[in-house]
Amino acid sequence: MTSSTSLNYTNLRDIWYTMIGIPGLEDTHIWLSIPICSMYIVAVVGNTSLILLISTERSLHEPMYFFLSMLALADIFLSTVTIPKVLAIFWFQAGGISFASCVSQMFFLHFVFVTESGILLSMAFDRYVAICYPLRYINILTPSVIRKMGTASVTRSFFICFPLIFLVYRLTYCGRKIIHHSYCEHMGIARLACDSIKVNIYYGIVVALFSICLDVVLIIVSYVLILCAVFRIPSRDAQLKALSTCGSHVCVILLFYTPVFFSSLAHRFGGHSIPEHVHILLANLYVVLPPSLNPIIYGVKTKQIKERFVQVFSLNKALC
């Protein structure tokens with residue numbers, strides 16, 4: 001009885017966890033940190049440059065680019081919430097984290113992720129209006145409407161993710177201190193508890209259904225309507241021009257959602273056939289790979305952004 005009692009924590013502030021990074025790949029942490037650190041630098045520099053470019057260039061003050069700046073800001077937060085701690089684990093074996101810090105990281109990770117999903121849905125609506133109602137585009141997507149859509153994405157995410165804090169705080173923790181991951185997420189914390197976590201599991205499913213899955217369904221509906229409108233255009237060149245405006249957004253959508261659904265399906269149906277380190281490595285990649293590639297995709301595939309970047313770079317080169 002004494003040993004059992006000694007394992008129960010009455011004060012959650014006394015709990016400290018140790019994150020071990022990527023289980024089974026501890027010897028390669030230094031090598032793995034090189035591409036992850038490189039992608040993180042690209043994500044921060046690229047998205048910051050994109051935000052500055054959109055905010056300073058009046059020719060880019062259009063609904064599409066305002067949504068893009070929201071996405072860039074979300075990308076910076078998504079990678080910054082996790083990657084610095086990942087690198088600290090890889091470089092310095094600094095895996096120690098308090099319960100409160102772990103829960104904070106968990107909340108902001110899920111909050112930013114759901115917010116970004118909402119922004120991608122807003123961008124799909126933007127493309128739908130631009131192609132299906134081109135003459136009313138500016139009148140429909142006014143600055144006020146854009147602000148409300150951005151606020152709605154953040155507000156929805158907050159109310160969906162905030163209960164996660166209470167769901168992990170209500171559990172009893174009794175001595176399990178090792179987190180087999182490189183950052184804290186909801187089910188990872190819940191599985192360290194000694195209580196039943198059925199409520200956590202059910203709420204996690206509800207969150208996935210009414211945020212990520214719902215967003216994906218609405219994005220698909222938007223693009224079905226877009227394709228229907230495009231195929232009604234008699235000119236082949238006009239069809240290709242209309243579709244080309246969606247190219248960057250489609251690439252970003254696939255980059256954002258594909259790893260999430262692959263990881264989710266692998267967890268549920270892959271069983272033990274997929275090694276744990278593959279799951280954890282993939283989890284690390286999908287918080288840093290999309291943020292690092294998104295500004296590159298938009299920079300390469302969006303003519304206006306590419307031209308502005310070239311102009312700014314040429315001007316800076318001339319001044320030097």
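Cβ coordinates come from backbone N, Cα and C, glycine included.
Given the structure is predicted, the values throughout are model-derived calculations rather than measurements.
Features of the protein shown, as given by TrEMBL:
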- 46-298: domain 'G-protein coupled receptors family 1 profile' (DOMAIN)
- 30-53: transmembrane segment (TRANSMEM)
- 65-83: transmembrane segment (TRANSMEM)
- 154-173: transmembrane segment (TRANSMEM)
- 201-230: transmembrane segment (TRANSMEM)
- 242-266: transmembrane segment (TRANSMEM)
- 278-300: transmembrane segment (TRANSMEM)
Top partner of the transmembrane segment (30-53) among 65-83, 242-266, 278-300 - counted as Cβ pairs under 8 Å
278-300
Are there residues at least 6 beyond the ends of the transmembrane segment (201-230) whose Cβ is under 8 Å from a Cβ of it, and what are they?
110, 114, 117-118, 120-121, 124-125, 127-128, 131-132, 156-157, 160-161, 163-164, 167, 186-187, 190, 239, 242-243, 246, 250, 253, 257, 260, 264
If you average pLDDT over the domain 'G-protein coupled receptors family 1 profile' (46-298), what do you get?
90
